[in-house]
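Marked as domain 'Major facilitator superfamily associated' by TrEMBL: 8-333. Among the features that TrEMBL reports, transmembrane segment is placed at 12-30, 42-61, 73-90, 96-115, 136-153, 159-179, 200-219, 239-260, 267-287, 293-315.
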């Protein structure tokens, strides 16, 4: 496969993954509400699914290390995600929704960490801009968000299964065409790894980024319901809300080669923390749906700055033998579990 062909395959794959994330993040909560779940029940489903997904990430990481592949693990978790998607839309009772959603998130939660790990390695190996490649996931999210808002406003949220399943299948087909990346050759020293993770600086970094990531994820899970139930928006505005936010994210990632300097990545994490503080302060006083749409520009700005700073900091800090996918996912799992704990 030529350089241009494999780049476009990766870009289209990331576009599809961003499209799927549109439905999962933006419309799953609305679908659960359509199924009769209360806001607290929806929160419980999302929380349990997220917890199961976090517990599953080290497993996929260990398998990735064992078989020295990222691509095959991506294909495997995509198959599990597709089964979970179908299952969720075949059940109607709260108990089975919990079970089906947990099964789905067990696989789906690891798709993006694995995909981003593969993208980062390919970008490094071929001297490409990681941010520019990563922006294709945001472009997919933004485009499908705009289209899906009109789609669901016209036909109804009950048809959510069809587009999310279609894009999941397309993502799997593209995943079979991806170029794999090496996961590392040195054997992991567990004692050295334990010593490494006891570093006060690293633990503080985990705590800060975990807290910021948690506030971002909580906002993602509930902002659609907040727009509709609290300040009087509708499904069309949900589409615009996510389009504005993710369009700004796509632009930030696409232009990262211009504004991001990898020499001092921790400065970007600090800047992101300040911007998140300003964003949540403003959102707390909003009562106009249109004003909320305007503030969504900060969604992509904050996330891109935090993501680029955090991932560059980790890749500089993590020793070579711990840069295999399993340890990278373990870092992500620890980061998230610290905040959840």
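Note: Cβ is positioned from N, Cα and C throughout, glycine not excepted.
Long-range Cβ contacts of the transmembrane segment (136-153) within its own chain (Cβ-Cβ under 8 Å, at least 6 residues beyond either end) map to 10-12, 14-19, 21-23, 26-27, 30, 112, 115, 159-160, 163, 167, 234-240, 242-243, 246-247, 249-250, 253-254, 300. Just going by CB pairs under 8 A, the stretch in 12-30, 42-61, 73-90, 159-179, 239-260 that sits most against the transmembrane segment (96-115) is 73-90.
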